[in-house]
Amino acid sequence: MSDLFATITTPNGVKYEQPLGLFIDGEFVKGAEGKTFETINPSNEKPIVAVHEATEKDVDTAVAAARKAFEGSWRQVTPSTRGRMLTKLADLFERDAEILASIEALDNGKSITMAHGDIAGAAGCLRYYGGWADKIHGQTIDTNSETLNYTRHEPIGVCGQIIPWNFPLLMWAWKIGPAIATGNTVVIKTAEQTPLSGLYAANVIKEAGIPAGVVNVISGFGRVAGSAISHHMDIDKVAFTGSTLVGRTILQAAAKSNLKKVTLELGGKSPNIVFNDADIDNAISWANFGIFYNHGQCCCAGSRILVQEGIYDKFIARLKERALQNKVGDPFAKDTFQGPQVSQLQFDRIMEYIQHGKDAGATVAVGGERHGTEGYFIQPTVFTDVTSDMKINQEEIFGPVVTVQKFKDVEDAIKIGNSTSYGLAAGIHTKDVTTAIRVSNALRAGTVWVNSYNLIQYQVPFGGFKESGIGRELGSYALENYTQIKAVHYRLGDALF
């Protein structure tokens, strides 16, 4: 093992070289202070490897590299060339899919099957934005015969990006794709719980033809490296995915520093509403997927299931049966649906919420306990007999815990659905088109799924209302986060006076 790379063999037999350093200006380097931190395998609570920790000085170095690239030759690279680079990066992700999926299962604990889905989604996202690179156009605006007016969509500059641990590589692609397509440079910080896949992805940056300094990948802690990014006077924009609590601090830091542009994709407490006329088999399947997918570690998880009175008892019985069928265990087993939570901290936090629900008088219909004795595994948990004001029904738990609540009619469903401070997503299950449209229009949520849940597609915008964020990820709308509009007025006529 060197200081900058380690040979790792994952439990499914994949052997690869894992970068450990900070990827700055096209090379892996040690941190300025020589600090490292361990990343933990959540399946067995044992260290995997130690990676270099970025400090404020390292952030300064990465930002300087990004600024140099942005002000230098990168600005002369044509949009079509940028697009080809992203497409090449997508190809490399697909080439190394088995390695990348294995890293995610090892470092994050997600099912290897689900991890392969993440890699495919990340590659697709990069390829999608590669296609957009040469299709971002301004307008000509006709005001009179003596003036030519037009607009240009120009890159913002150096972008700081802070990504979460629940979808490490997918979020890496969500952030990198639109930023590079529009001609920006990037300093991206991986989550301290899951740095490995982002560092491996950095290792193929040069192979994709992306010049040194354009993408810089650092590992470190939010309170140090993340804070340095948020406060940095030479970062023009910051993008963050994570908790609403941290999102507030980033917004404050941006305001206190250089008023950098900010996009935030934050928490949720999303309602998944099931009406009497719903196809119950379909609704049960999507409700189960909506909350227990990715171990409940989804910002848009359908963590509040609202069921109309006429089918409530039947739905509860069926949901209990379905939740018990979810295989919890080894993420490298192909039939595993739910692996461990990502960390001891997250495990403890979820168990505290479960205990709070019990103490508040909610009924544990399924689960409510630790799964096994090793690793951060939690049983799929279903609470009934809940009220809207309960803590477990108001705060984001971010784990395999769902509440099920009864409602009377459309108005009641809308009222309960909108009764939290969040507004990221919602689901509606009904055969009535009028009901679906009426309720989807009334819910204050950035994404509404009808007769499905958790189907995020990179061509479609994603983001929240209320305290669930600012701006949109994905689709063409994400490009707006990484460009600024310049208006040019060209006088064609004679002098004004």
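One-based numbering along the chain as shown.
Placed from the backbone N, Cα and C atoms, the Cβ positions cover glycine too.
Going by Swiss-Prot, these are the annotated features:
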SITE      Asn166  site 'Transition state stabilizer'
BINDING   Gly242, Ser243, Thr244, Leu245, Val246, Gly247  NAD(+) binding site
ACT_SITE  Glu265  active site, proton acceptor
ACT_SITE  Cys299  active site, nucleophile
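Just so you know, the Cβ of Gly242 (NAD(+) binding site) picks up 22 other Cβ atoms within 10 Å once every protein chain is counted.
Using Cα positions, the member of the recorded positions Asn166, Glu265, Cys299 nearest to Gly247 (NAD(+) binding site) is identified as Glu265. In this structure, the recorded positions Leu245, Val246, Cys299 were compared by how many other Cβ atoms lie within 10 Å of their Cβ, and the smallest count belongs to Leu245. For the NAD(+) site, the Cβ centre of Gly242, Ser243, Thr244, Leu245, Val246, Gly247 serves as reference, and the other residues of the chain with Cβ at most 8 Å from it are Phe240, Arg248, Thr249, Ile250, Leu264, Leu266, Gly267. All protein chains shown were included, and the count of other CB atoms within 10 Å of the CB of Ser243 (NAD(+) binding site) stands at 16. Taking each of the recorded positions Asn166, Thr244 in turn and counting other Cβ atoms within 10 Å of its Cβ gives the largest count for Asn166.
DSSP gives Thr244 (NAD(+) binding site) a helix state. Counting every protein chain shown, the Cβ of Glu265 (active site, proton acceptor) has 29 other Cβ atoms within 10 Å.
DSSP gives Glu265 (active site, proton acceptor) a strand state. Across the structure, Val246 (NAD(+) binding site) and the residue listed as 'active site, nucleophile' place their CA atoms 14 angstrom apart. Distance between Cα atoms for Ser243 (NAD(+) binding site) and the residue listed as 'active site, proton acceptor': 8 Å, as a whole number.
Separating the Cα atoms of Gly242 (NAD(+) binding site) and Glu265 (active site, proton acceptor) is a whole-number distance of 7 Å. Within the set of recorded positions Thr244, Leu245, Glu265, Cys299, the entry lying nearest in space to Asn166 (site 'Transition state stabilizer') is Cys299 (CA atoms).
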